[in-house]
């Protein structure tokens, strides 16, 4: 073995040991035998010392949840920004789904391949050839419902707004999904803490709907005061459309929250919302919430086999293998539906083509970044859930706290709204803060 390879192997081993000890909360006593390994051959160090990088401590799980919370709350803001600049959501979502899958592949080939493969915890590559189809199907089902949910929210953001959409979908996810995960995880989370947290999320759903209704009434009053009827089509010239697609125009000159701002936003955005019933947006939002509530329990079944569908002796899917199959199915559904929507658009969007998508580079970098953030966020959520219980990991559904911050900062949501809207908005965010704290406090430890 060359000296370069020996240095690489030793560095890889020390980095893993440091990461496990420092980031995941492991005790230094867990690595008491490291000193005695230094004098052994490098090959023996690798075989006896390295093991798959798996989050095992409660502290490490919470760290994963917090990082996932930031990632999962940021990528919707990027997608909303592109839609408001006039980019077709089908184009954006096709870009997004590429890097979303790429994130899963990178995680599987790095974290999932660290250390030696063992019968109890096989590495990613080793597990691909095992007879674990029942668990794979659960992971695939989770990817399907997540893809449908993400695709639905892409349209709901335009109708209901980034903040309210995220609040309602996340709250439904927690109310249904967390309850399912609690029983699937053999009740490792403390029920007396967990379910009051679920109740807080349920209250947030109601407040979120009230915020949307109040803000819609405020916007209608602003437009009426400016002499504009929301039933008009807001048509503009082709030249104006080209300028808006490039991100130019006069929307920046109008102050956020004014009638002029709302009019210019309607002209430039890809999805036209004036004159459409708010029931459409809320219906899409609730459908997305139901889809989101099912993907985590499906992933839980894929990695822990609570229904005993695997043959005797076949190991459970490790998080990284399950996440790979999960992301592949998510990618396939998104690819099929969005290519279909290019030629058969919904909600009065203009017809496009695959060639037009390939040539549309406006905002592509942002869309690719959104997919990468979402993929990494989902992976971190599952890593934390495997350690501390998937019910507690649903604390990442507090992502509307991050999305609301971006919504107010980037899009001027709720500016110049009524006092009633502000009171409801504050109540909604307060209930979310309480709920996420309670959910994290209910974290248990998987045996």
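The backbone N, Cα and C atoms fix where each Cβ goes, glycine too.
Note that the structure is a prediction, hence the values are computed from the model and not measured.
Range annotated as transmembrane segment by TrEMBL, chosen from 38-59, 60-81: 60-81.
As annotated in TrEMBL, transmembrane segment covers the listed stretch 277-299 rather than the other ranges in 277-299, 346-368.
Stretch with the largest number of CB pairs closer than 8 A to the transmembrane segment (132-149), among 60-81, 93-112, 156-181, 319-344: 319-344.
Comparing 60-81, 93-112, 156-181, 319-344, 423-442 for CB pairs under 8 angstroms to the transmembrane segment (193-212), the maximum falls on 423-442.
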